[in-house]
């Protein structure tokens with residue numbers, strides 16, 4: 001089972017991917033993690049990526065694809081994998097398909113975790129963190145008992161700058177602009193499945209498993 005996991009920031013991809021790893025025993029491959037690990041290990045691709053990052057530039061697709069190829073060549077990917085955070089646009093999807101075809105590992109499924117825009121805004125802008133112990137809350141879904149105070153330690157709750165409304169709105173708009181063509185791309189290939197990302201974690205997970213077990 002080889003799949004790409006699509007979903008906006010705040011859709012809950014990380015939570016669901018973790019549960020899929022536990023249930024099916026296939027690795028979750030995050031390009032962000034791959035980049036950090038390659039840079040830390042000082043691999044040839046890591047050094048190349050670091051040179052771009054040090055200049056404040058985006059790491060080119062060919063470097064990221066090289067890292068993905070190295071990771072997919074490892075034994076734990078033989079039964080399948082979950083690609084998370086890549087591809088982000090159609091050009092990357094086409095390059096990934098070409099590479100996977102050459103490796104004889106074509107994708108089985110592109111899974112889109114679909115959450116309405118307003119829900120994503122609440123999930124992300126509603127986040128609050130305790131300054132003292134790091135405990136997380138959400139003013140809409142899981143508020144603290146006393147507004148602005150941590151239930152665990154009484155510390156002050158704050159909103160991170162990157163959770164402010166304007167920042168989140170921009171992030172979601174960029175995601176939507178990039179990803180709508182990607183959803184169309186996988187739909188035309190006949191491998192796209194969408195799952196509603198609203199409901200309990202268990203309900204969403206059961207919907208995903210029902211799709212995977214039909215494959």
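Quick reminder: no glycine exception, Cβ is built from N, Cα and C everywhere.
Because the structure is a prediction, the values reported are computed rather than measured.
In sequence order, 136, 137, 138, 159, 160, 163 constitute the residues six or more apart from residue 127 (ATP binding site) in its chain with CB-CB distances below 8 Å. Classification of residue 127 (ATP binding site) by DSSP places it within a strand. What Swiss-Prot records for 10, 11, 12, 13, 14, 15, 127, 199 is ATP binding site, and it gives sequence analysis as the kind of evidence.
Residue 86 (AMP binding site) falls within neither a helix nor a strand when secondary structure is assigned with DSSP, and so counts as coil. Other Cβ atoms within 10 Å of the Cβ of residue 86 (AMP binding site), summed over all protein chains shown, number 21. Per Swiss-Prot, AMP binding site is recorded for 31, 36, 57, 58, 59, 85, 86, 87, 88, 92, 160, 171, and the stated evidence type is sequence analysis.
The Zn(2+) binding site annotation in Swiss-Prot covers 130, 133, 150, 153 and is backed by sequence analysis. For residue 130 (Zn(2+) binding site), other Cβ atoms within 10 Å of its Cβ number 20.
The region 'NMP' annotation in Swiss-Prot covers 30-59 and rests on sequence analysis. Confidence over the region 'NMP' (30-59), given as mean pLDDT on the 0 to 100 scale, stands at 90.
The region 'LID' annotation in Swiss-Prot covers 126-163.
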*Using only the Cα atoms of 10, 11, 12, 13, 14, 15, 127, 199, which the record gives as binding ATP, return the largest interatomic distance in Å, rounded to a whole number.*
18
_Sequence-distant neighbours of residue 11 (ATP binding site) in its chain (C-beta under 8 A, six or more apart)_ = 113, 114, 115, 120, 197
_Alpha-carbon spacing, residue 14 (ATP binding site) to residue 31 (AMP binding site), which is rounded to whole Å_ = 13
_Greatest C-beta neighbour count within 10 angstroms, which of the binding-site residues 13, 88, 160_ = 13
_Distal contacts, the region 'LID' (126-163) - CB-CB under 8 A, six or more residues away_ = none
*Taking the recorded Zn(2+) site as 130, 133, 150, 153, identify the other residues of that chain whose CB atom sits within 8 Å of the mean position of the site's CB atoms, giving them in sequence order.*
131, 132, 134, 135, 151, 152, 154, 155, 157
